[in-house]
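**Student:** Here's a structure for you.
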Amino acid sequence: MASSKKGALHLLTTLIFLALATTAFSQLSPNFYDYSCPAALNTIQRVVRAAVNKEKRIGASLLRLHFHDCFVNGCDGSLLLDPTSTIDSEKNAFANINSARGFEVVDQIKSAVDKACGRPVVSCADILAVAAKDSVVALGGASWKVQLGRRDSTTASRSQANADIPAPNFNLQQLIDNFNRQGLNEKDLVALSGGHTVGLAKCQNFKDRIYNDTNIDPNFAQQLKRRCPRTGGDTILSPLDSTTTSFDTAYFSDLVKQRGLLRSDQALFNGGSTDSLVKQYSYNSYAFSNDFGESMIKMGNIKPLTGNQGQIRLNCRTVN
């Protein structure tokens, strides 16, 4: 009896140890590549800086890739997969088709980092996470410690992308619900929306707002109407805020002035529960930078593949 109890206790101890070991192994860490490829992060930063110096807009594009990747079945690089007979590519989802860009820069990063590491060590999912941070910094924003150790998916889902990526015409409750499904709260919603302080949007995404909404500065609406006609001109681009190549708090200042470009932007400052945070960020750049970094880390932790899950792709566009 004593022997069987001892055996059971030993088995239980072993199972607990394995569970803890698996949990520890699967956790992301900013030091993940310190030994396997010490040159990885500097290499990614170098390629991103060169790309942003060549075209400022690409910084916003790379940030958006990470966001759109994480919101669809977690941060697993699924967005990067090209369509095949077995891959229903997320690149063809409503929010991404003829819109998502920066894939060539990701290819350049992958090539450079694999060369620096001597072999494929860094996942495409991690490349997106680091490139997003490096893009923000290159455009004048604050840095944060990117958690690393994600692995790449072997599948993609266009239908899931259509369901999970928030639409530009969402109201506040739809945005809150959408972010809650990803484990993100209202503060994350407002902070991460601040990513719209850089980048451009197509006329088709704000046309209905400038011609029909009342919570918009009339002068701002008139200015946009000159660029975006009521019919046609759907692909004409306009800046998401008044300082579109600088990562700052102008986005929030614009919202306070009812100069949000997208309906989903202005929804954050329209008499609802997020008004006070928008107002705070509009005059407190430290609070925004700090919260943005924390929310990016939190978003980057959405359902990552770790340990033996997934794979490290040889080419970010295809499964091995």
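Placement of Cβ uses the backbone N, Cα and C atoms for every residue, glycine included.
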**Student:** For the disulfide involving Cys117, grab the partner from Cys37, Cys70, Cys203, Cys228 as TrEMBL records it.
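**Tutor:** Answer per the record: Cys37.
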**Student:** Disulfide partner of Cys75 per TrEMBL: which of Cys70, Cys124?
**Tutor:** Cys70
**Student:** Around the Ca(2+) 1 site recorded as Asp69, Val72, Gly74, Asp76, Ser78, Glu90, what other same-chain residues have a C-beta within 8 angstroms of the site's C-beta center?
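**Tutor:** Other same-chain residues near the Ca(2+) 1 site: His68, Cys70, Phe71, Asn73, Cys75, Gly77, Leu79, Ser153, Ala156, Ser157, Ala161.
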**Student:** For the binding-site residues listed here, Asp69, Asp241, which shows the highest count of neighbouring CB atoms within 10 A?
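**Tutor:** The residue with the most neighbouring Cβ atoms within 10 Å is Asp69.
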**Student:** Just checking: which of Gly74, Ser78, Glu90, Pro166, Thr244 have a Cα that is within 10 Å of the Cα of Arg64 (site 'Transition state stabilizer'), counting only these binding-site residues?
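**Tutor:** For Arg64 (site 'Transition state stabilizer'), the binding-site residues whose Cα atoms are within 10 Å come to none.
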**Student:** Limited to the domain 'Plant heme peroxidase family profile' (27-320), I'd like the whole-number average of pLDDT.
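**Tutor:** Over the domain 'Plant heme peroxidase family profile' (27-320), the predicted model scores a mean pLDDT of 98.
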**Student:** Apart from Thr197, Asp241, Thr244, Asp248, which residues in this chain have a Cβ no more than 8 Å from the mean position of the Cβ atoms of those residues at the Ca(2+) 2 site?
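**Tutor:** Going along the sequence, the neighbours appear as His196, Val198, Pro239, Leu240, Ser242, Thr243, Thr245, Ser246, Phe247, Ala250, Tyr251.
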